[in-house]
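Novice: In case it helps, TrEMBL gives these features for our protein:
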COMPBIAS  187-199  compositional bias 'Basic residues'
COMPBIAS  210-224  compositional bias 'Basic and acidic residues'
COMPBIAS  225-234  compositional bias 'Gly residues'
COMPBIAS  237-246  compositional bias 'Basic and acidic residues'
COMPBIAS  247-260  compositional bias 'Basic residues'
COMPBIAS  261-284  compositional bias 'Basic and acidic residues'
DOMAIN    12-40  domain 'C3H1-type'
DOMAIN    44-146  domain 'RRM'
DOMAIN    148-175  domain 'C3H1-type'
REGION    187-284  region 'Disordered'
ZN_FING   12-40  zinc finger
ZN_FING   148-175  zinc finger
Amino acid sequence: MAEHLASIFGTEKDRVNCPFYFKIGACRHGDRCSRLHNRPTISPTLVLANMYQRPDMITPGVDAQGQPIDPEKMQEHFEDFYEDIHEELGKFGEIENLNVCDNLADHMIGNVYVQFREEEQAAAACNALQGRFYSGRPIILEYSPVTDFREATCRQFEENSCNRGGYCNFMHVKQIGRDLRRKLYGHSASRRYHGRSRSRSPPPQRRGHRDRDDYHRDRDDYRRGGGGGGGGRGRGSRHDRYDDGGRRRRGSPPPRRGRSPVRESSEERRAKIEQWNREREAKQ
């Protein structure tokens, strides 16, 4: 019986545990879901919920004033955000995957998933970012059960054939341009979770200093006007977007510990979580 339960754990046949939470670390039913959400106590992957605030949050392709947004400006806004958080999260260890959801449903919009090489690195990032703010908004993060993004992403979206649009229940991962990918990951960079390097959006034109300054000014105006809490401050550096309430982290990131054991397969994780369920039931 135990082997059968372990074999169906996290699948549609499992009537106890939520398959969507197991696969993508999010569920549209939230705490009202009729199935269990087994939140891990440690994981190499963190999810920062609703962190990316796209300029067209209210209506896709339209800003808060009802004006259409240039797609190139949208891509620049996203890539600036991506580079910003990659730099900040990279202080805690080597990043294997950094994915931002392009979905529109409330439980997935703007979700940022970061997968570190070691669980200790994810733990250091989780502890350091608790209680901090980004662009005036609190950072809400937790460990995620997702370790294989191939199971979490929508393959139809990658092929431009998903008919559910932004309300699909699987991840629609927003792509960065080729130039930024090479800058952050090197010339051999590719989407590590599925091994493809195809970008859905064409790489943006190289911007001159004046264009970049104008863009940053527009972006900061958007953040202050959109509830970002800028409070009329000057532009400042990108590190000023992170606010820890006066408890700024000093010094270098924590030293790298010994490597974690080899990450488990889906079957091993199902067996371990099933064991946790049995122990919890025995204590009740």
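Positions of Cβ are set from backbone N, Cα and C atoms, glycine also.
Curation plays no part in TrEMBL annotations; they are all automatic predictions.
As the structure is a computational prediction, the values presented were derived from the model and not from experiment.
Can you walk me through where each of these features ends up in the structure?
Specialist: Looking just at the domain 'C3H1-type' (12-40), the mean pLDDT is 83.
Beyond its flanks by at least six residues, the zinc finger (12-40) meets 5, 47, 105-108, 111, 113, 142-146, 151-152, 169-171, 273, 276-277 of its own chain at Cβ-Cβ distances under 8 Å.
Residues in the zinc finger (148-175) partition by DSSP class (helix H, G, I; strand E, B; coil) as 11 helix, 3 strand, 14 coil.
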